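Visitor: Grabbed the feature section from TrEMBL, which reads as follows:
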DOMAIN    4-249  domain 'Sugar phosphate transporter'
TRANSMEM  79-97  transmembrane segment
TRANSMEM  109-126  transmembrane segment
TRANSMEM  138-159  transmembrane segment
TRANSMEM  171-192  transmembrane segment
TRANSMEM  199-222  transmembrane segment
TRANSMEM  228-250  transmembrane segment
């Protein structure tokens, strides 16, 4: 969050990007996005620590139908039957894989399903709040981080996480510090690319792209880490998930074979806008 605030603020000062200055209406315009944003992070970290990596990636697929449902309700979007079938193929695979999980962890499952809900809601509301005439994509990123950096710092203090972090014995290791700062920058880059995908496509497409990205993670997790318990049903379910995701991508790309040129209003200097 600190990296996001610094990068965007410096970019704004140098007139590389534009987003509105702070006023009392910002919080109202952004709500409930900051709460969804931090809920997504906390439940994601909690569920990752309690589940094997392949099972985590499978159960995260439930983000996709939740996103489809919320886009239909909140954004009034409609999807074709083929798209809907592809989404439910992903869910069928997830059910098959989860039903054969030999390392069942109830607490981990609760956290990952909460994470699915937060992720879906965060994606849909991000899409809704990114009107260039309002906050825009840079404003959403910047004010999300500004509003939640203090509350999350308080939470980390109350849980003892901050104390554990400060007592970590590698803070004098230059290589570790470089890697840590790089991870902060890449964290910002990940959030920016996710917001950018929502901006130019949809929250549903962003969710499916994330699922397809997990293809490599899931299969590598079977070979590396040592916490994956192989079963035929789990493996079959995982492959059905991936097939559904690839089918969705094919349908989406085909429907956008002649994309319209989009103008990034937030990159246009203010003098040219006027």
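The backbone N, Cα and C atoms fix where each Cβ goes, glycine too.
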Visitor: At a Cβ cut-off of 8 Å, and with pairs 6 or more apart in sequence only, do we get at least 3 pairs between the transmembrane segment (79-97) and the transmembrane segment (228-250), yes or no?
Guide: yes
Visitor: Per-residue pLDDT averaged over the domain 'Sugar phosphate transporter' (4-249) comes to what?
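Guide: Across the residues of the domain 'Sugar phosphate transporter' (4-249) the model's pLDDT averages 82 on the 0 to 100 scale.
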